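Written out below as structure tokens is the structure these notes cover.
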Amino acid sequence: MDKLKCLSFFKCRRKENAEVAPENLHVNENDENQERGNWSKKSDYLLSMVGYAVGLGNVWRFPYLTYNNGGGAFLIPYVIMLALAGLPLFFLECSMGQFSSLGPVAVWRLLPLFQGVGITMVLISLFVTIYYNVIIAYSLYYLFASFQRELPWSKCSISWADGNCSRSPFVTHCNVSISINEIFQANKSWVDANNLTCINGTEVYQTGQLPSEQYWNKVALQRSSGLDETGVIVWYLALCLLLAWLIVGAALFKGIKSSGKVVYFTALFPYVVLLILVIRGATLEGAAKGISYYIGAQSNFAKLKDAEVWKDAATQIFYSLSVAWGGLVALSSYNKFNNNCYSDAIVVCVTNCLTSVFAGFAIFSILGHMAHISGKEVTQVVKSGFDLAFIAYPEALAQLPGGPFWSVLFFFMLLTLGLDSQFASIETITTTIQDLFPKVMKKMRAPITLGCCLVLFFLGLICVTQAGIYWVNLIDHFCAGWGILIAAILEIIGVVWIYVNLDLVSDTVS
């Protein structure tokens, strides 16, 4: 076919798809695109997209942002940013992938000058898959640790806790009197060793470290002092990381034909757990106080005057929907040409945002109970990110009747949330390889997919050393930051401004 006669690359691509012979072992005769294959069912695609969009950030970042930015008032800029920024970008990427049947790199043949944008997306997804599976490994470790009669972080253990381990403030110094005219301040341990008594009202208190915090740092991570002290590989985290990659490889070895079936469980199960946790949390003392801080009477509409609130709303929408990561283009490229991706985009975006709001009720009802039983304000126990998932929430679960059961549910939910997003990220990488080497992928999809997982496992071993958590935070900070924002801006400029205008000009000339 003569490419020079085609005014639009996408139109040419549609004709090419019709001419390809059915040789791929991973497609069937019902697939419209016999070169690459299509989703077996519309529901496979929708659940994969929901699983990709709904991730750990919905559970450990959105509730904290809502609380920190005016409570219920934060939903106003959040919904506005969804309508003005999130949904249009989401639809743009879905339509690009579906219309071209190409991944995030090859799709830029429409504008070769901007092909670096697609390469940037894939490279960012590549780095993210390395540390994201480490978070899944953390969840696996805590899941296995929860299968005990008593949660190991429920109290300070002699084997790993130090003198700072305490759920309540403890005395570090106080004034003592040896004689009538001699009063001085002494260390509390020295006072106890010499059988002396503190003078009332002179005690100096220090906030202790929660058992769950010391367990996270000293046992789970074996955290070193800094990035420059790598230490040894924590063997049980390495095994959990290997298991995580084996699960991902097993789900993806046949591409979308196998992953499309796995997501029926991994995408739907988190909603079951969230519903159970919301119901359980609502029955706890102090839950109403937690919900009030989250989205109730504590809502502060004056916060809407703060530009930082609008920035947080836009950022959360942007990252929560996973736009400019390449995954939306990759997953949509397996759709049939006439699929209604506009309605798909609305369904996935609305589902993602409602999930974020719903997850907040599960999180803050438990945190409200934790504040109630510890005699603290909710502001003193609320956390986000790793501190919420592996310190605050485990601490709260350890104090509930039947703590191990609730802990198993919570960490299994984190596991399934993480796996969904990881499936799509790896599919982004394999789709790029498919576009570059289609003949090789026809015969060797399974070995190449498993090989990618093996290489990424070895690259991720640095993240399960004693300094691993520092590497995870480093990669997360730099990969999920400005690179994504710049890629999205260039994507909009390239498609909406340059490509569309060039296409209009060429149509006018013809």
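Cβ coordinates are placed from backbone N, Cα and C, and glycine is handled just like the others.
On a predicted model such as this, the values are computed, not experimentally measured, just so you know.
For C165, the partner cysteine in a disulfide bond according to TrEMBL, taken from C156, C174, is C156.
A C-beta separation below 8 Å, combined with a sequence spacing of at least six in one chain, links N352 (Na(+) 2 binding site) to V50, A53, V54, N58, S320, L321. Here the transmembrane segment (405-426) touches the transmembrane segment (113-144). Their Cβ atoms form 3 or more pairs under 8 Å, with each pair 6 or more residues apart. Comparing 45-62, 74-92, 113-144, 262-282, 346-367 for CB pairs under 8 angstroms to the transmembrane segment (233-253), the maximum falls on 113-144. Remote same-chain partners of the transmembrane segment (74-92), defined as residues 6 or more beyond its termini with a Cβ less than 8 Å from a stretch Cβ, comprise 65-66, 295, 303-304, 309-310, 312-314, 316-318, 320-321, 323-324, 328, 341-342, 345-346, 348-349, 353, 357, 488, 491-492, 495-496. Taking the Cα of C165 (disulfide bond) as the reference point, the closest of the binding-site residues G51, L417, D420, S421 is L417. Within its own chain, C156 (disulfide bond) has C165, S166, P211, Q214 as residues 6 or more apart in sequence whose C-beta sits under 8 angstroms from its own. Tertiary neighbourhood of the transmembrane segment (45-62): same-chain residues 39, 135, 256, 259-260, 263-264, 266-268, 270, 316, 319-322, 327-328, 331-332, 334-335, 339, 344, 347-349, 351-352, 355-357, 359-360, 363, 384-386, 388-389, 413-414, 417-418, 420-421, 423-424, selected by CB-CB distance under 8 Å and a gap of 6+ residues from either end. Within the same chain, residues at least 6 positions away in sequence whose Cβ sits under 8 Å from that of G51 (Na(+) 1 binding site) are V263, T266, A267, D420, S421, F423, A424.
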